[in-house]
Amino acid sequence: MVLKVFFPSCCSSADSGILIGRWISEQNSAVILAVVHFPFIPVQVKQYLGEVQRVTKVSVSVLGSWNNSKQEKEESLSEFLEDLGTIFCHEPWIQISKEGDSKFWSCSTLKKHSKNPQEEEIILVYYDQRKVMLSHLHPPLDTAGQGAEDASKLSAIFDTVARSQVLFMTDRYDEGPIKLTHWQSDGVEASIIVELLKQASVPACMLLTFLLSLVSGVCRSRVLKFWPLSFLWSKLSTCEQLGHRLQHLQVISSNKKAQNQTQLMRKANIFVSLLIDVALGILLMSWLYRKNRIGHLADTLIPVADHVAEELQDLLQWLMGAPAGLKMNRALDQVLGRFFLYHIHLWISYIHLLSPFIEMILWYVGLSACLGLTVALCILSDIIALLTFHIYCFYVYGARLYCLKIYGLSSLWRLFRGKKWNVLRQRVDSCSYDLDQLFIGTLLFTILLFLLPTTALYYLVFTLLRLLVVIVQGLIHLLVDLIDSLPLYSLILRLCRSYRLAAGVKFKVLEQQDGKPLRLLMQINPLSYGGVVQMYRLPTYSCYPRDSWASLCKKLFLGELIYPWKHKGDKQN
């Protein structure tokens, strides 16, 4: 059998002593965690390891001896280290020695209680203890096959080092009976800024939790459940985004400790996302209020709205004539054209009525950017929806009229074939019609068929205009979803400290010689950027429809409405 010994590279220069770690019998592996060097008392070592086991729930024990001989021969020390195997009683007893400046190490095992001792092949694997302890080994995306089995074996090694953090909290400056060598033996890593932030975060989280409880109480009150406010809350994307950010703040300010690494990374990603979102919003707000850009924007908005209205009037005049040489039903064409021209006239009057207040409205809207760039983008989407409300009305009128004719023609077509739609059973059944019903059905079918091109042309034009507005709003919401869902903290961590997000390991051969153990170096393979986004992507509220192309084409053909928001009854994709 092959014996695998995982040895921390930080202990390669430690003084002679004993090796403490965990023995994994299922893998025939030994994970060395630290070196206890002389002088020590065996009883005190056993008591210390018992306390470590009680705290970490890891079966830490003495696995063998470590001999770092500075001189050529130290036979007495070697014999003493070999005799320690009878005191601590571990089978097998691992003996690792380094002779002077030699680059080759000797590693052997003793099995005193074995009747048939067999020489085992030993593989000595070096690992960076700090990186392994701080990293989190992610399971493979494909959890079937040999990859899942290898990942479970590696996770046992990573879990052993991570759970033994208490063992690494002692350094050489501690006045204790036991002196250890590990990755923090020269001094425990700490930061004054981090410690101050930890102390300040407790009252800050308590204050934020109190304020959020008040806001949540107001949001859950019955006042917002009445018709006007509930309608606005469900239709405006700004309200949806504010509610989404409120949930994020509640997650961050929660006093519950993260149960695992995934929850901790989720909190960190939400915090960084909020921080960057607010920073970008403040930059936008400072840009808007500099050099009177709000006033220039208000002065530009009214002429743009008038220009859009004039272009719509020219488009309607073109449709009321002979568009592209098509022969239209003149009576229906004139009725529809005048109807839509009247709506444009009402819209222009409405815009000019609000023109004195546009600058003041934009000034207060600009202040909302301090809540975050995503809130400002959602307000922009709602403003676009309000400024193009007349186009939405045209689209609704045309879609309803077109839908009525399509369903009327399909019903009359079933009448010609002697069939009808069974409402109760939701299917088409056979039916017998008399002569009067067939005659009236023929007249209605002829009328609807000859009026369909005129209606379809108006529907097509206003649907294209509506799709243009929906595409602009969709791009805005895609940007909002990108800011909301992108795991920025994980991506920054992947860029700066890639070993924290481990996808696996790779082994590099250091030295190989006959009669000597094979020496390997274990290196951490980080997650790819795509894997980081896939694993730590934050959920979004998805207020915008995400229909497939087939579903969208079906809605357009049947004249069904394309809404700029997602209803509460719809399913999230």
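Cβ coordinates are placed from backbone N, Cα and C, and glycine is handled just like the others.
Here is what TrEMBL records for this protein:
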- 200-219: transmembrane segment (TRANSMEM)
- 270-289: transmembrane segment (TRANSMEM)
- 335-354: transmembrane segment (TRANSMEM)
- 361-388: transmembrane segment (TRANSMEM)
- 394-416: transmembrane segment (TRANSMEM)
- 437-461: transmembrane segment (TRANSMEM)
- 467-492: transmembrane segment (TRANSMEM)
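It is 437-461 that, among the stretches 270-289, 335-354, 437-461, forms the most Cβ pairs under 8 Å with the transmembrane segment (394-416). Ranked by number of Cβ pairs under 8 Å to the transmembrane segment (437-461), the listed stretches 270-289, 335-354, 361-388, 467-492 are led by 335-354. Tertiary neighbourhood of the transmembrane segment (467-492): same-chain residues 237, 241, 244, 265, 268-269, 271-273, 276-277, 373-374, 377-378, 380-381, 384-385, 388, 391-392, 501, 529, 532-533, 535-544, 562, 564, selected by CB-CB distance under 8 Å and a gap of 6+ residues from either end. Using a Cβ-Cβ cut-off under 8 Å and counting only residues 6 or more beyond its ends in the same chain, the transmembrane segment (335-354) has close neighbours at 302, 305-306, 309, 312-313, 316-317, 319-320, 361, 389-390, 393-394, 397, 454-455, 458.
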